[in-house]
Structures are given as structure tokens and as C-alpha cells.
Amino acid sequence: MAKYDEKKQLKCSFCGKTQDQVKRLIAGPGVYICDECIDLCSEIIADEFEETVEFDTKSVPKPNEIKQYLDSYVIGQERAKKSLSVAVYNHYKRINTNKQDTDVELSKSNILLLGPTGSGKTLLAQTLAKVLNVPFAIADATTLTEAGYVGEDVENILLKLIQNADYDVERAERGIIYIDEIDKIARKSENPSITRDVSGEGVQQALLKILEGTVASVPPQGGRKHPHQEFIQINTSNILFICGGAFDGVDKIIENRTRKSSMGFGAEIQGKHEKDIGKLLKEIMPGDLLKFGLIPEFVGRLPILVTLESLDKDALINILTKPKNALVKQYKKLFELDDVELEFNNEALTSIAEEAIERKTGARGLRAIIEEMMTEIMYEIPSDEQITKVIITEECIKDKENPQVERLPEGKTRGTLASNRVKKDIESA
């Protein structure tokens, strides 16, 4: 019940203070609560919530466990998976250590992934977030521009993470952000220019603070900031940033450097194409990234360099068939939902892999190749009840021939077979 003094003045039902003694008194059905009691309740709830979201190092998977999980989804790239597993484990171990009173404060180590298109950079980052059960966001560096110009502010990257954490800022502050196409924001030339580079060096400068760790003000609805809107405050000190890019042309920079260092009497002479790009990338140094167009401060905030190799034919065939979410398994499941069996023969898988290599799209292009070839048969199956099996052959890929089809005799359909199976199951039960 609402409490009244002799002058019928309203009082807080919890602390007993009158409306004159507090800034605000909020009414409910038969009760009142003051702003001071609301603040106290908020503090109690916040303290309890903080205990529930406390990130315990013991719960972080060990590097070998992280790699085993990555192996289930990512084929090949053994060296990259080991490097990422160690880096991610150390990052979350650092979060806990810095909460304790220690003499040494561990600094953050963000990651730079370098590898050809379709080598698995994005998939690696996504899978890491999945195994750690932390919020994850992907951003495209090519959409970012310096503040004040048409395009996205860098703070919009953080908004995506907050949204994926269901606006739970505490969880978002322990999340992972993957910035793709980071090589596209390299400045246009090695020498500083007097003209404004709003999508290159300007974006690198804008990213520096959030990469290192700062309390950023994020507009909750996205878009540009304006002075009359409220902001979400988020501390980026414990957010792990993984930046990825193909860095086309950096192999020539590495090759020039290594060739100069191996010049001289008795030096081993190698042909220009003797080393593939994947092997050259393993020899990358921070100085090569500076020559490519990244500024020194930006390179300094990405101390862990992880390189990925181009995927060969065998790796692409394994990607088609072995992971938990392999494309062949996905399409077989789609056909199974229509009571149709799908089969890829070995020659067909080889042809799909060869086509992806020819298109230079890596693993990313595998789905497009299969989809092009399967569209017609997937269009026909739902309305053709006599088809029971579809076989994909080498000719389907190379010569664009239709898949081989097995059909039921006239008068029989998949629907009648399914109903007969149900009847038998009922009778046997």
C-alpha cells in the first residue's frame, strides 16, 4: 500500500522517504518507489549479473581442443589452425589475468590472416567464435570511410557485434570481430599523399583506437553520429579483432626482398614461379606490409601474422565431402527431404574441384558450381514423383549434361512408396 504522512504526502514504499526528499517518485499499483531505491536495485542486479558472466580461464578450451574443433569444419591449413588456436587461447587467458592484481599487464594481440580468396579465412574466424561460444560479427573493410564522408563509420562494426550479442554489452566486450578485405584499405602509394585518402589510410587511422582498446560510443541505430542521439558505450580492450585479406601483389614484394638477400656468389637461383604464393606468404615480414600500403601503427596493432595456403585439388575434394557441413552432405539432405537419393561419383567431385581452381575462387566457388548444375533437376524433382535417384557425373560438370536419373515404373510414385512404408511400420508395431 502507498504510505502517507499526516499531510497525505506520498512516500517511497521501500525506504520511507517522502517525495520532497527524493528527486523522483514512481507510482505502481498501490506502491511507490524512489530514484534512490531504483539505483540501489540496479547495482544489486548488475553485481549478480557480473558474477554470472565472469569468464573463467578453465572454461576456455585448450589449443589442441580448439584445433580439433576447427578440424571438423576446416580442411587443410594445419599451420594456420595451430597458430590461431594458440593466439585465441592466450587472448582469453589474458582477459582473466588482467582482472587480477598482477605486476605484469598483458597486452592485446590481434590477428592478421593472409591468404588467397576461398582459402578459409572467414570460416576459420566463424568457427573460432562457435567453439568459444562468444558473439561474432563480420565487417567488410571496403564499406568503411573516414568520419565525415559517405560510407560507414568504424563504430558500426561494433554495433554489429552488440546486435549479435542481443545488446548484451558485457558479452559483446568478450566477442570476436572479423574484418574482411582489410588489404583494400591500404593506402594507394607507399609515399604519403597530399590528397585525402578517405577509404584507405583514413580508415586505418580510424581503426587504430578500437583495435588497441578504447571506450567507443556506438549509435544504437547505426549510421552517422549526430549530437542529439544516445550512444551505447563499449570497451574494446577485450574484443579480439581478426583482420583478413588476400593481399594480391604482396608476394612480389616478398619475392623482391628474399631475392635481394640471396644475391651473391654461390647463391641458389630460383625461377620466378618456382615458389607458390602460399610458401612466399610464410616468409612475410611487417616491412612487406608497410610497402604494400598499411601504415606502421596499423601493422603494430596486428602483431600475430597467420598465413593460409592456396587449396589444391585434393583439399577441395575433401572440403566437398568431409566436414560436418560439407556441401555434398547438405545437398544429399535436401534431396532426402523429397525422398530422393543423390549420388556424386568420384570423377564428378574431381571435375568440380578442377573447375574451382580454374575460376580461382577456391572453396568459396564450390557452391556456385554445384548450384549452376543442380538448379534444373531441383526444379523438376518436387513435381516429378517418379524420380528416386539422381547421379551427378563428370559430364554434368564439364559438358553441362543433365544428371542421370533413376525412375519408378509407371503408376508408382514416391508418395505411394512412402505411404506403404508407413503402413508396414504400423502393422509391424
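Note: Cβ is positioned from N, Cα and C throughout, glycine not excepted.
Feature annotations, courtesy of Swiss-Prot:
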- 1-53: domain 'ClpX-type ZB' (DOMAIN)
- CYS12, CYS15, CYS34, CYS37: Zn(2+) binding site (BINDING)
- PRO116, THR117, GLY118, SER119, GLY120, LYS121, THR122, LEU123: ATP binding site (BINDING)
- 402-429: region 'Disordered' (REGION)
- 402-413: compositional bias 'Basic and acidic residues' (COMPBIAS)
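Overlay of Swiss-Prot feature records on the structure.
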{"residue": "CYS15", "record": "Zn(2+) binding site", "contacts (Cβ under 8 Å, 6+ apart)": "CYS34, GLU36, CYS37"}
{"residue": "PRO116", "record": "ATP binding site", "contacts (Cβ under 8 Å, 6+ apart)": "ALA246, ILE277, GLY278, LEU308, SER310, GLY362"}
{"residue": "THR117", "record": "ATP binding site", "contacts (Cβ under 8 Å, 6+ apart)": "ALA246, LYS360, THR361, GLY362, ARG364"}
{"residue": "GLY118", "record": "ATP binding site", "contacts (Cβ under 8 Å, 6+ apart)": "LEU311, ALA356, THR361, GLY362, ALA363, ARG364, GLY365"}
{"residue": "SER119", "record": "ATP binding site", "contacts (Cβ under 8 Å, 6+ apart)": "GLN77, LEU308, GLU309, SER310, LEU311, GLY362, ALA363"}
{"residue": "GLY120", "record": "ATP binding site", "contacts (Cβ under 8 Å, 6+ apart)": "VAL74, ILE75, GLY76, GLN77, ALA80, LEU308, LEU311, GLY362, ALA363"}
{"residue": "LYS121", "record": "ATP binding site", "contacts (Cβ under 8 Å, 6+ apart)": "LEU113, GLY115, ASP180, GLY244, GLY245, LEU308"}
{"residue": "THR122", "record": "ATP binding site", "contacts (Cβ under 8 Å, 6+ apart)": "ILE138, TYR178, ASP180, GLY244"}
{"residue": "LEU123", "record": "ATP binding site", "contacts (Cβ under 8 Å, 6+ apart)": "TYR73, VAL74, ALA363"}
| In the structure shown, which of the binding-site residues CYS12, CYS34, CYS37 has the fewest Cβ neighbours within 10 Å? | CYS37
| query | the domain 'ClpX-type ZB' (1-53): mean pLDDT? | reply | 76
| query | Does DSSP give LYS121 (ATP binding site) helix, strand or coil? | reply | helix
| Apart from CYS12, CYS15, CYS34, CYS37, which residues in this chain have a Cβ no more than 8 Å from the mean position of the Cβ atoms of those residues at the Zn(2+) site? | SER13, PHE14, GLY16, LYS17, VAL22, LEU25, TYR32, ILE33, ASP35, GLU36, ILE38
| Which chain neighbours of the ATP site, leaving out PRO116, THR117, GLY118, SER119, GLY120, LYS121, THR122, LEU123, have a Cβ atom within 8 Å of the mean position of the site's Cβ atoms? | GLY115, GLY244, LEU308, GLY362, ALA363, ARG364
